[in-house]
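Student: Can you read through this structure? Questions will come right after.
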Amino acid sequence: MRLAAASNEAYAASLAVSELLSCHQCGGDRGQDEELGIRIPRPLGHGPSRFIPEKEMLQVGSEDAQMHALFADSFAALGRLDNITLVMVFHPQYLESFLKTQHYLLQMDGPLPLHYRHYIGIMAAARHQCSYLVNLHVSDFLHVGGDPKWLNGLENAPQKLQNLGELNKVLAHRPWLITKEHIEGLLKAEEHSWSLAELVHAVVLLTHYHSLASFTFGCGISPEIHCDGGHTFRPPSVSNYCICDITNGNHSVDEMQVNSAGNASVSDSFFEVEALMEKMRQLQECREEEEASQEEMASRFEMEKRESMFVFSSDDDEVTPARDVSRHFEDTSYGYKDFSRHGMHVPTFRVQDYCWEDHGYSLVNRLYPDVGQLIDEKFHIAYNLTYNTMAMHKDVDTSMLRRAIWNYIHCMFGIRYDDYDYGEINQLLDRSFKVYIKTVVCTPEKVTKRMYDSFWRQFKHSEKVHVNLLLIEARMQAELLYALRAITRYMT
């Protein structure tokens, strides 16, 4: 009997300790592992994005079969549910297409071996100093049997991959300078030469990861908890803090102050939305009343192209790449320069002469079957995606605005649509929005939360993520057009 009583007392004491250490909301234990000498990492950020408060992230209910299927597919393909996926899920139709395309590029049958694919992803992401993507693909590269020595620097990779460095550099920062000579140098490099099919696969991977770096910075994607910069071993500052508090809105004081400060300008941002709606209505009326001549539209394109040179942010300083990223590429000083620099003449790229639908799509599909169709589907979803809403307004036709954003990006790259009136861009896109667009597309490593917050202040975060989807797909298409045109010229 005494043994039974002692056992009951020990059990009761154990329950009392567990009660003290457990969280009443999630049932988890606090501190027990630390007492056992185990260092437990804690996430540094609150949720998958530094720009979007976690309480405003899309919550997936247990009844949402489509979302759960997407998450399951992502986890099965990548072995993880990364923060990019958790932000893109605002737009499930796009996310499904994105995951399908990325899975095909990285894991399905194709011209390049698996470890080459991940290494090219590392090279592309490193050009924009995107340590988030570099870290993810370093893990994937090693997982598929890649040689760890290659990760010590590009000079330790095979000469064939080193030769790709020049194309990676120009494609990432000044794609309009790509010529058929770049292509010829890769295809005729003796024992280190690329086949046409391999090169198309590499080009698609490079453009995919240049653009994904833009999304990563543009949405302020936080590092995964297991990656550098994603965790800390310091104890929380509040003794009764639990990890479940993150999902309950227990954010830092600074974040709450930022949110309250943002509310002060609600009335101003409300009028911005109304003004944009009115401009769209007026432009639609003008379209119906009169149409500009071809000469006038060509003149407006040149004017917009020149004006885009003077769009830059006050934070437009050089960003020195960290050693752990810069070792994956050469010529670290090479970066973006405006298409229309003084003393430098580059002919305008006319979509009428070479376009994705009539030329690029068929070339990619011929040399890398099925990929052209996947990319084309992704372009169309991003371009046509709409919920017919603008901030608090419903039943709005946003096609005019989406086209202005897409064509402005292509204009910055010197790409012109003969049937588009570029005068609409200045009417629809204000300076703060142009600064954000140009930074995300051309120098994404310089994007700040202030830039993200300063444009379309009354719009929902899901709408800003939608903008970023437009930006990255327009950028990817622009890069592909220049690279594929050079390949076509080499072939003919």
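For all residues, glycine too, the Cβ spot is worked out from N, Cα and C.
Copying in the features that Swiss-Prot gives for the protein in this structure:
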ACT_SITE  Cys130  active site, cysteine sulfenic acid (-SOH) intermediate
BINDING   Thr386, Tyr387, Asn388, Thr389, Thr398, Glu463  L-leucine binding site
MOD_RES   Ser293  phosphoserine
MOD_RES   Ser314  phosphoserine
REGION    71-252  region 'N-terminal domain'
REGION    321-492  region 'C-terminal domain'
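Each of these features: where is it, how hidden is it, and who are its neighbours?
Tutor: Counting every protein chain shown, the Cβ of Cys130 (active site, cysteine sulfenic acid (-SOH) intermediate) has 25 other Cβ atoms within 10 Å.
Tyr387 (L-leucine binding site) counts 13 other C-beta atoms within 10 Å of its own C-beta, drawing on all protein chains shown.
Within its own chain, Ser293 (phosphoserine) has no residue 6 or more apart in sequence whose C-beta sits under 8 angstroms from its own.
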Student: Indicate whether Glu463 (L-leucine binding site) is helix, strand or coil by DSSP.
Tutor: helix
Student: So if I draw a 10 Å sphere around the Cβ of Thr398 (L-leucine binding site), how many other Cβ atoms end up inside it?
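Tutor: So the Cβ neighbour count for Thr398 (L-leucine binding site) comes to 18.
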Student: Taking the Cα atoms as reference points, how far is Thr386 (L-leucine binding site) from Cys130 (active site, cysteine sulfenic acid (-SOH) intermediate) in Å?
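Tutor: With distance taken Cα to Cα, Cys130 (active site, cysteine sulfenic acid (-SOH) intermediate) is 29 Å from Thr386 (L-leucine binding site).
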Student: Please report the DSSP secondary structure of Cys130 (active site, cysteine sulfenic acid (-SOH) intermediate), reduced to three states.
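Tutor: It is coil.
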Student: Return the single residue from the binding-site residues list (Thr386, Asn388, Thr389) that has the minimum number of other CB atoms within 10 Å.
Tutor: Asn388
Student: DSSP secondary structure for Thr389 (L-leucine binding site), reduced to helix/strand/coil, please.
Tutor: strand
Student: May I ask which of the binding-site residues Asn388, Thr389, Thr398, Glu463 is closest to Cys130 (active site, cysteine sulfenic acid (-SOH) intermediate) if we compare their C-alpha atoms?
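Tutor: Result for Cys130 (active site, cysteine sulfenic acid (-SOH) intermediate): the nearest of the binding-site residues is Glu463.
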